[in-house]
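Below: the structure, in structure tokens.
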Ligand SMILES: NC(=O)C1=CN([C@@H]2O[C@H](COP(=O)(O)OP(=O)(O)OC[C@H]3O[C@@H](n4cnc5c(N)ncnc54)[C@H](OP(=O)(O)O)[C@@H]3O)[C@@H](O)[C@H]2O)C=CC1
Ligand SMILES: O=C1O[C@H](COP(=O)(O)O)[C@@H](O)[C@H](O)[C@H]1O
């Protein structure tokens, strides 16, 4: 594995949750694998007053699991962490920050190569690049300057377009890395390998052989301390506009000509641009929204969304979305895609299910005892990452009784099954200058273009129902009605509670 060039990673918002829970552990893992450059430092920024030692102490928790087998030590790693306090909203304070950065650059010998990571509230995503440019920090003729932008990338098409325009005023597209952490997941990348390196799957991967596609990302937790964020965002903006549309694009894209950023991202954007718009007056036929209500989960009372901190007791914000859509192109004409996501569902699972067409004639259908499903390929993204192929086999004995059996591969069975975290992979890629697994501006806008009319319809037509589903169930029962024919979603496990469904 190539090591990145020497540089400093500057984290805006380093006193926050993301830095501590995701970024620092990912960097510590890179350090253990000796994948950080020899001359490297992190400069954390925030208004909170912290000394370097305070910052290191605060970050130690996430980074502390170093075993003797691994490279480096926790102290080597922590010594690379530095902190500088300033208000990143104040243009005037940037001169002091630049001096601090240049001093650290001289001390470390990082060649004036900087990555700026925006882990602040989104309201600062447009400001910071502008203030960095004021200080000449957006360009380095001999080395690099890169900008990582966290989600959410806008909250509708217009704001996403504006944010793209604002960023592009000071940084060019090659310098901008828009994070969608789902692309950093090993099993999401494996989707490309499964599709494009296996002769058995690719010939079947089209409307002739695939009946429908299902993508589920469920969580068994509620919004927790993020109630006020969720009130703004809801499941459509938080999960569907980005992660679920991205997963669907990877399932649907054409083979890229090369494995590089341009080819792969060109194919992703083509899928997003081919999504058939959902007319505003048909939204309730294609999209189901739900919100969890209080119930008992695993024997314990759980709050409904409206009882969470920071949530309006009359909120109609969705914590569940299920939807059907079509991709209007040669490969997928007429194939429905079903996607769903929700909080407080019975289990945490992200999976893609490819449902193949049934055989043209049911030769063994006389047998009443067992009703078979169609062949399914289940691509499990998390947890228990792997692949499951379901197909029919003869039940031994008289007659021709057919039963579904599984061919099941689990990543955990590989001898060397280390799965890097999404942030670890994405940070390393940015350090190496590879944007393949980051979203391109046009793709983000294409996704918003598809989602915007749905959000507008929800705003403008209060008669579109918000279905209350008891925490611990698989969401509103009506979401099964979305699926055409005599089929339902795949339920990886049962409801945890019967609860009471309601309309909100
Ligand atoms: N947490 C997560 O799991 C995820 C977060 N994200 C995104 O990452 C971003 C950060 O999230 P998170 O860490 O949870 O948020 P937090 O609220 O925990 O942290 C926000 C950070 O921004 C800093 N900040 C805010 N205002 C200023 C200011 N005026 N000057 C300097 N620093 C400022 C805060 O520092 P201080 O208060 O010291 O000034 C703090 O370090 C958000 O945009 C979020 O949407 C995306 C995916 C997951
Ligand atoms: O981006 C987000 O993703 C998480 C789910 O991520 P996962 O890697 O655990 O699947 C979700 O909880 C959060 O609401 C959302 O902002």
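Backbone N, Cα and C define each Cβ position, glycine as well.
Here TrEMBL flags 10-190 as domain 'Glucose-6-phosphate dehydrogenase NAD-binding'.
The NADP(+) binding site annotation in TrEMBL covers 13, 14, 15, 16, 17, 18, 19, 20, 47, 151. Using a 10 Å Cβ-Cβ cutoff, residue 15 (NADP(+) binding site) registers 20 neighbours.
Residues or ranges marked as substrate binding site in TrEMBL: 181, 185, 219, 238, 343. The Cβ of residue 343 (substrate binding site) has 26 neighbouring Cβ atoms from other residues within 10 Å, across all protein chains displayed. Residue 343 (substrate binding site) falls outside any helix or strand according to DSSP and counts as coil.
For 192-489, the entry in TrEMBL reads domain 'Glucose-6-phosphate dehydrogenase C-terminal'.
The number of other Cβ atoms within 10 Å of the Cβ belonging to residue 243 (active site, proton acceptor), over all protein chains shown, comes to 23. For the recorded site, residue 243 (active site, proton acceptor), the DSSP three-state label reads helix. Annotation source TrEMBL lists active site, proton acceptor at 243.
If you take every residue in the domain 'Glucose-6-phosphate dehydrogenase C-terminal' (192-489) and average the pLDDT, you get 92. On the backbone, the CA of residue 181 (substrate binding site) and the CA of residue 17 (NADP(+) binding site) stand 16 Å apart. Proximity of the binding-site residues 17, 19, 47, 185, 238, 343 to ligand 2, judged by a Cβ distance under 6 angstroms to any of its atoms, singles out 238 in sequence order. With respect to their backbone Cα atoms, residue 13 (NADP(+) binding site) and residue 238 (substrate binding site) stand 20 Å from each other.
The Cβ of 219 has fewer other Cβ atoms within 10 Å than any other of the binding-site residues 219, 238.
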